[in-house]
Amino acid sequence: MLGSIVKKVFGSKNDRYLKSLNHYLKEINALEENIATMPDEAISARMAELRAEVQQGTSLDSILPEVFAMVREAGKRVLGMRHYDVQMVGGIALHSGKIAEMRTGEGKTLVATLPAALNALTGKGVHLITVNDYLARRDAEWMGKIYNFLGLSVGVIVHGLNDEERRAAYASDITYGTNNEFGFDYLRDNMKFYKEQLVQRPHHFAIVDEVDSILIDEARTPLIISGPSDESTGLYRRVNDIIPRLKRDTHYTVDEKARAAALTDEGVQEAEKLLGLDNLYDPQNISFQHHILQALKAHSIFTRDVDYIVKDDQVVIVDEFTGRLMPGRRFSDGLHQALEAKEGVKVEAENQTLASITFQNYFRMYEKLSGMTGTADTEAVEFQQIYDLEVVNIPTNKPMIRKDQPDSIYRTRPEKFNAIVEEIARLHHKGQPVLVGTISIETSELIAGMLKKKGVPHNVLNAKQHEKEAEIVAEAGQAGKVTIATNMAGRGTDIVLGEGVPQLGGLYILGTERHESRRIDNQLRGRSGRQGDPGETRFFLSLEDDLLRLFGSDRIAGLMERLGMQEGEPIENKMVSRAIENAQKRVEGHNFEIRKTLLDYDNVMNQQREVIYSLRRDTMMEDDLEPSVHEFLDDIIEDIYAPLEQTKGKALDEETHAAIAARLEETFFLSRVYPEFALKGSEQQEKLPELPSAADVKKAVESMLEKLKRDAGPVYGDILRYFLLEELDRNWKEHLLNMDHLRDGIGLRGYGQRDPKQEYKREGFSLFQNMLWSIKESVFRALTRLRLQRVEEAADPAEQPEAAGLQEAKATELRHKEQPAELSYSGGDEDGAKTPSRRNAPKVGRNDPCPCGSGKKYKKCCGA
């Protein structure tokens, strides 16, 4: 009560913020008339002057009114579009690093040109992030006319570009692209071997379109680049064959809310019998446990045509938020293979993670981040807590006159679908266009089938038909059109009303089910009533819908029984609607906690990732790596000889002596580097009563490095860089796998009264320290086993040109080392499959002789 009185007197926080921007608005409008008289060349020349001033230290805020006024004028001249005052306010909010909540049809695409042009003057680059390649291309071309008029360069990052094209796009003042392309380019840059191969610049300023979709909906899906692992796929089929013989609730239980499945004690015994195992929980059977759980999820939780479809004998993921197909993306942890086995298609090899990052941590790297969406207010707390972003509600240019009708609730799904079809037929007969929103392909096809029987013409837009998306969306506002769309397919394209449609009541939005998130429901409503157009929305629900069945509790069903509902009769009751909204709030809270927990765990990995990528970048950029290599040498020798220091002059016991000797041999190949130390076996112990001194070992290894430097000539620096980066990448890849295993089992620590997050942090740090140490040692294991033939040493002078050519070829190979073979990409939602990049050089088998020339098998030498 008191809060509402205070709000009436002083206005809300949002109102006060908008009021504080009035002085900017007055200045911009005051400049409009004067700038309208300037020739085209004078405007671009003035922008060039302002760019120079900014790079000399002038603040962006001080020139904001003038730049915004020039962008407005550019819009009028090249597009015939003038930025409204409310769009100016949205632009100021974006420049200030906030989220601008703007209703559908209010011109978010045009708003972004204001802060983009202003911040481009810093010369550090502005990234405009969209949800798919189509929008990235469209906006870059469409809005690019404004930027080009102002003398600013524009690039676009879409799937299929080579590194040179990407580098040019990132070098532009303003770069459009999808969240996935930006994220994957960052990961790929951190797998490159030479600074000339990098494509991205440092992360300066990003404007994220549909920010709720990217930073909230996709926050749980990390971007992953992976390569093939050695694990066999036969086990997936073997386990899949036993799942139909297990009975739900007897042999296994399913938690639909948590989307998890688990074997019961009886189920464990049955699985052991069917698989011929003595003990499923024996450590050697750990892979069986993992495969059984994934197969149970594949059969009992994941549904065909809802979570995925089978297309061209492949399992293709359907994005739960947009309804789009995600070709080239795969579920992780063997779940995708379990689905392939379930559907009887080819089971692809499981992949091992080479690099990964969540969108949460990727976007937090930007110095300044802002975003636009039509629906952010319900997630304002999460934006504030996770990203430190404030949501500003921007008023509409024209009043909203759309009618949002109360939900119609039925007892059963068949009753609901019959009512939906009757309502669609009524509206079609009237001539009012209808957009039917469904949350699965299955539902969209069910309604389409019912409409076909009733003779109602319609278009279906779901993951299976998304190639026709633009054409179908363009027609959706025409009189008499019926369009069935899975979720928010077609988002980003406004539905324009046809002639005479406003008089019929505008676009009618019919929701067939409530989504777990109120925001997704609001997005569907937002397709109607754009720019002051009339419109109407209504949701049709049933007690058998997943949301009400899982989260609505029995109170709603009891309430509806007391109200005495008859078959086929709907109810429109505020108490029921409120109960449904509370169910959605509970699910939203649950999903927020999941995302927060994911971030807590990923923050541990993120800190480690930052250290590794920084070390990698320094190694790539450094011209002289010899000091780093010698520093590694000092650290290793000090560590190896530490037990000797601790004895304080006393004789070493035999076990410690043998351990030091073995480590010297393993790390430095000392029997080659320091021939006097030719430890062949335990009988050799008597011949070497004393270990070589630390100084002697250091001198011997440094001597080896000097010889390597002479033999390698000008490519010595490339050799050091190659091995430093190669060993860093190999150890990081193994560390990612170890961290995955740690994460999988860490939840069990809670049963021992220990905090799983703290345990993960502590053990993760220990693993990371071990990995850093392993990098140092593995670099020397590789370098001391490397054999190079000097050109001058060729036996036949006639062979010298060939030897020289070989050395030149090796240098070129080192300078242009490719990324790992057969990379796979997963995470996020993007149109178009990722084509795996392949290495042309033959892969070295684990039992082949090591190419370094040591004479050992690869798996016992550089592949160890």
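Cβ coordinates are placed from backbone N, Cα and C, and glycine is handled just like the others.
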ATP site partner of Gln87, Gly105, Glu106, Gly107, Lys108, Thr109 (as recorded in Swiss-Prot), chosen from Asp404, Asp407, Asp494: Asp494
Fewest-neighbour residue among binding-site residues, criterion Cβ within 10 Å, set Glu106, Asp494: Asp494
Cβ neighbour count (within 10 Å, all chains shown) around Gly105 (ATP binding site): 21
Lowest local Cβ density (other Cβ within 10 Å) among binding-site residues: Gln87, Thr109: Thr109
Residues close to ATP site centre defined by Gln87, Gly105, Glu106, Gly107, Lys108, Thr109, Asp494, Cβ within 8 Å: Met102, Thr104, Leu110, Val111
Residue, out of the binding-site residues Gly107, Lys108, whose Cβ gathers the largest set of other Cβ atoms within 10 Å: Lys108
